[in-house]
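Visitor: Pulled the feature table from Swiss-Prot, pasting it below:
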ZN_FING   394-430  zinc finger
BINDING   394, 397, 414, 418  Zn(2+) 1 binding site
BINDING   405, 408, 426, 430  Zn(2+) 2 binding site
């Protein structure tokens, strides 16, 4: 299997990662660190999918750089909330290329993807230290956003244009739309990270447990996800492997990965003794949790047998009123990253936006060519093929794909009929990707 990084290269990349300021976002130093994280993410996925030694995870743990990764992710999140909207409102901002802006928007997704891979392991949660609290808060923000958009019907069923497809000529308004679509993907990854944190809750501080159960009432958030199931569109489509895909008739009752993660997180937060002692089973929480009984069918339990224990627990809960937890006087740690970033930059958002528009997001032709060249090296398509865990699926019907779109090389089909049927939906992304590849090739020719 192809490799993105050798062990020694990865160690150098991880050792060089540093915390940056909001003003630094998009700078050459930031862009170089973004490239490092992209490559580390690719290598981590390659190792995990091939059941190889996960040296990327080991290096992040041993070098103590997981907090740096979490800080970079939340820094980008704050930038997207506070600075990006102000950039979009600047009427005199007409950049030659919006590509660098998209890289910043995509940065958060890259990091949560990397965290999804490395936080699967208990030692990663332990090595994250106090920033697990920040990670819990981050996951809560994303999951409540996911529930809210699902309830209001705001979740787009279009596939997002990826970083290898985006055209440098896309408008700022196009980027806003892509950013909104990317939030859904990020929220799905945040669910994975939360699930892994609940797996390792015994080895984490009581503050983490209190944050999940008392501050954020995560069990009730998870109940909302079971009820609304934002990764399903009726019985026809499911969101899997980063795309909306048609569901085969024989798979309609099958639990998806995301369904399983919600149930596992509920099992961890409801059945572990420390959690039961900490959680307040008041009348509201009890009513919410008992809604789960309607979803615990024999078909579901057959796929996740441990859910039988949850079903028994809920039956017992329906007949009893658990004693409220003791409110002991304890000192609890609090998450700091989001609040510190906001406090440091309060009332400076517009000034930062103007500075970045002038000095960062309006690069010269030579700078654009250099970025295009480095991008081509980072996103090695031969290596990226190996990041797909299973055989490619037909974009129209969901069965195994055997041929890909000859124009963009980004979508697979099982036969010509499916390709023709799917063309109206695929055409916009196909055009963007074809234009991006053509533009990249032209810039590479100019630079050489």
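Count begins at 1; order follows the chain as displayed.
Placed from the backbone N, Cα and C atoms, the Cβ positions cover glycine too.
Not measured: the values here are computed from a predicted model.
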Visitor: What whole-number Å value do you get for the CA-CA distance of residue 394 (Zn(2+) 1 binding site) and residue 408 (Zn(2+) 2 binding site)?
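Guide: About 15 Å separate the Cα atoms of these two residues.
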Visitor: Show, in sequence order, which residues other than 394, 397, 414, 418 on the same chain lie with their Cβ within 8 Å of the centre of the Cβ atoms of the Zn(2+) 1 site.
Guide: 393, 395, 396, 398, 399, 401, 413, 415, 417, 419, 422
Visitor: Compared by Cα position, which of the binding-site residues 405, 408, 430 is the closest one to residue 414 (Zn(2+) 1 binding site)?
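Guide: Out of the listed candidates, the nearest Cα belongs to 405.
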Visitor: Quick one: Cα separation, residue 397 (Zn(2+) 1 binding site) versus residue 430 (Zn(2+) 2 binding site), in Å?
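Guide: With the alpha carbons as reference points, the distance is 18 Å.
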Visitor: Please list the DSSP helix, strand and coil residue counts for the zinc finger (394-430).
Guide: 15 helix, 5 strand, 17 coil
Visitor: Do you know offhand how many angstrom separate residue 405 (Zn(2+) 2 binding site) and residue 418 (Zn(2+) 1 binding site) by C-alpha?
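Guide: Between the alpha carbons of residue 405 (Zn(2+) 2 binding site) and residue 418 (Zn(2+) 1 binding site) there are 11 Å.
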Visitor: Mean pLDDT, the zinc finger (394-430)?
Guide: 79
Visitor: Between residue 408 (Zn(2+) 2 binding site) and residue 418 (Zn(2+) 1 binding site), what C-alpha distance do you get in Å?
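Guide: That comes out at 16 Å between the alpha carbons.
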Visitor: Other than its own, how many Cβ atoms are within 10 Å of the Cβ belonging to residue 418 (Zn(2+) 1 binding site)?
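Guide: So the Cβ neighbour count for residue 418 (Zn(2+) 1 binding site) comes to 20.
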Visitor: Report, as a single number, how many Cβ atoms besides its own are within 10 Å of the Cβ of residue 414 (Zn(2+) 1 binding site).
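Guide: So the number of other Cβ atoms within 10 Å of residue 414 (Zn(2+) 1 binding site) is 19.
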Visitor: At the Cα level, what's the spacing in Å between residue 418 (Zn(2+) 1 binding site) and residue 426 (Zn(2+) 2 binding site), rounded?
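Guide: Taking the Cα atoms only, residue 418 (Zn(2+) 1 binding site) lies 11 Å from residue 426 (Zn(2+) 2 binding site).
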